[in-house]
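Enquirer: Pasting a structure below so you can have a look.
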């Protein structure tokens, strides 16, 4: 199901529940009122909000038992978050310049920060990872604000979740008067706590991702090939085709040790054709009645493949042969007749040249070796395999497949990058973001006992204007770059 279909279905569901909610409230339905009392859900146009205070007491009790640790934890976090402010502004400025230069030069180079649009620069299959990551990152972010507030004796009003279209997020409600009544440093700790938690989450996800091959040694092995975890729009034709769970070890004469070598081997196939060293006696005795048949799109091409041999040793130039039989009888790989060790051998190169159409495509005969199964023979472009066969570095030692680990690895990559991105954006002094409140608390500390109130406000407005402008410019340039 593509992104457009998903979004359309979600919009219809949101519209249905929105008008159902209004209808039931207009009818003063007692059952519906009782349901809303038990499950405090607020349905607005295109968003659903759930709030609760049931966790307030447990969270307060937990924080009270760890006040000393939490005080040090958020003091460190505040300092690190403040150190991130200037680098974040520089990063946004440089990203805006790169995006502008890409638009002017019509390039597609990636900047360090880019807006993510499902179906545009986010693969549709990765949408579940994206949504889970957003939920995890916002829950951890808001937990930082909540715990920091409770540790400074600020009561929680409520915590909750919101679903805007298909995008989930968490939020925390704090009494504004209690927060404003704190000292500027304590306010700063609460405002920086969310960014600090995102920094820690990103670092932890990255660390676990790096240690994953070591942690999984008892269950999986690395460097022994790749495992097929998914076949995206790839149609399997039986035993001699890719199957989920296959361990792939070699592409033509290129050894596969992991995902990166899998990509490099497929690229090498596209850059250079490989042939097969076969005895001349076999070629001379080949009994195909129409040697040029499969080279001219005849019925023979359904079971045979056209091969071009070196003319030095064999009179016939074209041969219609079964590709699997050729690959099994071949003694070595070659790129021309000199690549074969024996003078009694010829180098047979797969040919996709059509005599009738007088044209040649860039297809290749690709032989992918599998452990404990016959090799897969694929005639076509290497990128067709790359885009449709999803593989993993983790080859199972036992019956457990790599699909779950592949999910965990993919999710960790998203969490590490998205959480870091949210930290960078939230620390920027942009309106409606944490950076806006951070600048306010910082200016209170910086101008305490000196300067005028107007100077303090002008400084706040200037920084917020700068940060907001950078965020808006980056989003605008980033979106334009995607579509230009």
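For all residues, glycine too, the Cβ spot is worked out from N, Cα and C.
Sharing the record's features from TrEMBL:
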DOMAIN    129-460  domain 'Peptidase M50'
TRANSMEM  6-24  transmembrane segment
TRANSMEM  73-98  transmembrane segment
TRANSMEM  127-144  transmembrane segment
TRANSMEM  156-175  transmembrane segment
TRANSMEM  195-217  transmembrane segment
TRANSMEM  461-483  transmembrane segment
Enquirer: So what's near the transmembrane segment (6-24) in sequence-distant terms, Cβ-Cβ under 8 Å and 6+ beyond its ends?
Expert: 32, 43-48, 127, 165-166
Enquirer: What same-chain residues lie close to the transmembrane segment (73-98): Cβ under 8 Å, and 6 or more beyond its ends?
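Expert: Same-chain contacts beyond the ends: 109, 111-114, 144, 148, 151, 185, 188-189, 192-193, 195-197, 199-200, 423-425, 427-429, 435, 438, 442, 466-467, 470-471, 473-474, 477-478.
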Enquirer: Can you check how the pLDDT averages out over the domain 'Peptidase M50' (129-460)?
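Expert: Across the domain 'Peptidase M50' (129-460), the average pLDDT comes out at 84.
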